[in-house]
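Q: This is the structure I want to talk about, given as structure tokens.
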Amino acid sequence: MITIVGSGRVGTAAAAIMGIMRIDKKILLIDIVKGLPQGEALDLNHMSAILGLDVEYEGSNDYKDMAGSDLVIVTAGFPRKPGMTREQLVETNAKIVSDIGKEIKKYAPDSVVILTTNPLDAMTYVMWKSTGFPRERVIGFSGVLDAGRLAYYAAKKLGISPASILPIVLGQHGESMFPVPSKSFVHGVPLSKLLSEDQLREVVEETVKAGAKITELRGFSSNWGPGAGLAIMADSVKRDARRSLIASVVLKGEYGVFDLPVEVPIVLGKTGVVKVLEIELTPEEKEKFNQSVEAIRKLVGTIPQSYLQ
């Protein structure tokens, strides 16, 4: 069973796409708002019937119903508003994530946890601390979305399908994220060889600002992109597909970083992170990566200690 904590736009989009992909036969939605997860589950069950899917959705306001879940996806949290930075969300969402982490530890102690709550890397740290789980089972969703956006904007410049691009984005999920064109390939040819410096600069800028642009245009943050990315990650866990993808995970010496969640390439399977993939960076790329790491470290340092226990 998959449990999704948070029945807002991202959680329900993820639930719908997971059902369409037939990733699991039962998907539980949990939310603190009475009636919300139940209503979303009923609507999704109607969708399932119309599409002929063998998927059952259930809604609940009680964390104990997640018992038996092998995958818990956390999308709950205070939403990002227009003009708001991820950093402004820290204290409010740290409490939410810490509380949810304790419930997961109690009712689904063997689960793999994937979360989307912003600021993503800092909240991954809170979840890691509050659950006490090994780092392999606490994964921040970010890189699949960031890499997808990089592929989308680069493909538009090149006039090719985004599926032809193998994108790499490192560092922080946020304003200091670090797309790496020299390690992002189109059938073995790096983007840095296919695009001019001006084009690369535009692609990187569009990738970094994509989330804020969506929020500015429609008044609330993205949900379909994150929903699709979560479904891809869930599929890799549930089927033990061992896909290589980008995610925020606590590093234990990789890239010279210790005990800090950073967006890096990983292999994802049924036990969570199977392997962290280290790619060789140029001195300039390493400097940018380190700057992004320091931005994460600074943000983590602002988290109240009471939420890290």
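Cβ atoms here come from the backbone N, Cα and C positions, even for glycine.
According to Swiss-Prot, the feature active site, proton acceptor maps to His173, an assignment based on similarity to another entry. Sequence annotations record features per position, and here Swiss-Prot assigns NAD(+) binding site to Gly6, Ser7, Gly8, Arg9, Val10, Gly11, Asp31, Asn93, Thr116, Thr117, Asn118 based on similarity to another entry. Residues or ranges marked as substrate binding site by Swiss-Prot: Arg80, Arg86, Asn118, Arg149.
Structural setting of the listed features?
A: His173 (active site, proton acceptor) falls within neither a helix nor a strand when secondary structure is assigned with DSSP, and so counts as coil. Other C-beta atoms found within 10 angstroms of the C-beta of His173 (active site, proton acceptor) number 31, with every protein chain shown included.
Long-range C-beta contacts of Gly6 (NAD(+) binding site), restricted to its own chain and to partners at least six residues apart, with a cutoff below 8 Å, comprise Ile30, Asp31, Val74, Thr75, Ala76, Gly77.
Annotation for Arg149 (substrate binding site): same-chain Cβ neighbours under 8 Å, separated by at least 6 residues, are Glu206, Thr207, Ala210, Gly225.
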Q: If you measure Val10 (NAD(+) binding site) to His173 (active site, proton acceptor) at Cα, how many Å is it?
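A: The Cα atom of Val10 (NAD(+) binding site) is 17 Å away from the Cα atom of His173 (active site, proton acceptor).
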Q: So how far apart do the NAD(+) binders Gly6, Ser7, Gly8, Arg9, Val10, Gly11, Asp31, Asn93, Thr116, Thr117, Asn118 get, largest Cα to Cα in Å?
A: 17
